[in-house]
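Colleague: Structure below; questions to follow.
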């Protein structure tokens, strides 16, 4: 426990140093040239002793491998993660959360390969959410449809507009760009739950990779939200006993760099344009910090994940009891789930109703109901 605390203190000090020296405008673009180590110097033999020439160096292990051996190693690691985590049962119907990006595209392809190779006996379907972001999601959905045809999987698309009566473009037009990721994240999680329920699936497989989990751990540490550490690193979140469909992360221990390499050498078709609202996300700062740490210590991603897994919450730290939302029936730790609170704010003309402390939101709601004064965004 002391070692884990020491690691987090060190990370916080490093983050403070990095934050003071960071560029004014962080760069969030994925630099493929700095990611893939393709052999262009003197020929090197594949580390697996297959006799072929190595064409890449794995970021995760440092092994020089040929394409075929890299594919096998990548797919075998995902298979081991699935088996050791007991993610699926034979006969399960699994919805793959498909965005058209590299993670979900590789996940869909690899699950199809492993399902056939190891006879999992799974029924795979694609579930995609249309947030209503012009110039981004409408284009990425075309990639999802191509994946549907290429991998011969059924596809279901749900939109924010049909589920909540709002698109992200309309939400951003009302609230601005500051807190748009909060709305999108909450609505997307509930949209996936609703889509999974409509499809009658046993679980939802998401494309969260090792980098994503490490970033989430860092964000929770920086926010002081220690109670969520174990949950955010769990390979299975939610359960039928909690009233929601489980979500699994087959790519939990897979580096983002290796996902890019796999998609590149397999020539998979995926959508690589970043969300137009992403540069304003808090996660971007954690991502940039993590990339800087990775240059110094390549194992930092797995180190952070394992630290998050090993940290234990004290008995006197009570996690909220998860019940059902009194309005929509979704899983919630409050009387109203976050999605319903945010929707209420949008519909009342108080877009920041669900942002910040619940006490402020309740006071604003009571004041508006009583007609005591006109509530403005400045009150939050």
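Every residue, even glycine, has its Cβ placed from backbone N, Cα and C.
Keep in mind it's a predicted model, so treat the numbers as computed, not measured.
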Colleague: Same ATP site as 97, 98, 99, 103, 207, 212 according to TrEMBL: which of 129, 133, 175, 245?
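Modeller: So the ATP site in TrEMBL includes 97, 98, 99, 103, 207, 212 plus, from the candidates 129, 133, 175, 245, 129.
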Colleague: For the binding-site residues listed here (103, 212), tell me which residue's CB has the most neighbouring CB atoms inside 10 Å.
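Modeller: Of the binding-site residues 103, 212, the highest Cβ count within 10 Å belongs to 103.
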Colleague: Where the record says 97, 98, 99, 103, 129, 207, 212 bind ATP, what is the longest distance in Å from one Cα to another among those residues?
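Modeller: Those residues reach a largest Cα separation of 19 Å.
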Colleague: How many other Cβ atoms are found within 10 Å of the Cβ atom of residue 97 (ATP binding site), counting all protein chains shown?
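Modeller: Within a 10 Å radius of the Cβ of residue 97 (ATP binding site) lie 23 other Cβ atoms.
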Colleague: Give the number of CB atoms, excluding that of residue 98 (ATP binding site) itself, located within 10 Å of its CB.
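Modeller: Taking all protein chains shown, residue 98 (ATP binding site) has 31 Cβ neighbours within 10 Å.
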Colleague: If you draw a 10 Å sphere around the Cβ of residue 129 (ATP binding site), how many other Cβ atoms fall inside it, taking every protein chain shown into account?
Modeller: 25
Colleague: Taking helix as H, G and I and strand as E and B in DSSP, count the residues of the domain '2-thiouridine synthetase TtuA-like N-terminal LIM' (48-70) in helix, strand and coil.
Modeller: 4 helix, 5 strand, 14 coil
Colleague: Is it possible to get the count of other C-beta atoms within 10 angstroms of the C-beta of residue 99 (ATP binding site)?
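Modeller: The answer is 22.
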